[in-house]
């Protein structure tokens, strides 16, 4: 077996969309029931991918505006971002392109982004929408459209509570780092070359 490769994976997105729960669900197979806003936290997990051991460094960030100046400090050296929004929060969905993409392009240009829709278990929960009349569910088609708009290689919906697709989120993050998608070659206009010295 080869030496382990370190991959730094940073979660970003609005506060309370479920970033920390997704990390805890992935690393410990449990679901925390209390909401405690994250300041910054790190997790580490050894994962075997195609016979290679990967040390996946998971960096959790705070989405609240109070941390706008501090949060980008965790972006340095990132190999991949998990950009999360809640499937039951239109505001968090809209902030992907309004807030998070501009921030990531400014502080970490060129780093791949996996778009993640969280709280999948609540999207089809009729009682949730009765109890929260202002909540608007985000469809899979809307998520795919946003993925195309921001140029993310993957869009994955998951539920940390039921663990549905949680592993898939992190598998995609590892895959995009180990096997980056081929960049489309830009066609250069064929013209006669002329140099003036």
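Just so you know, glycine gets a Cβ as well, placed from its N, Cα and C.
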*Swiss-Prot annotation of motif 'Effector region' - which of the ranges 26-34, 35-43, 44-52 it falls on*: 35-43
_Is it possible to get the count of other C-beta atoms within 10 angstroms of the C-beta of residue 61 (GTP binding site)?_
23
_Just to confirm: which same-chain residues, 6+ apart in sequence, have a Cβ under 8 Å from the Cβ of residue 13 (GTP binding site)?_
19, 63, 83, 84, 85, 92, 95, 96, 100, 116
*For residue 13 (GTP binding site), name the DSSP secondary structure in the helix/strand/coil scheme.*
coil
*So how many other Cβ atoms are close to residue 64 (GTP binding site), meaning within 10 Å of its Cβ?*
14
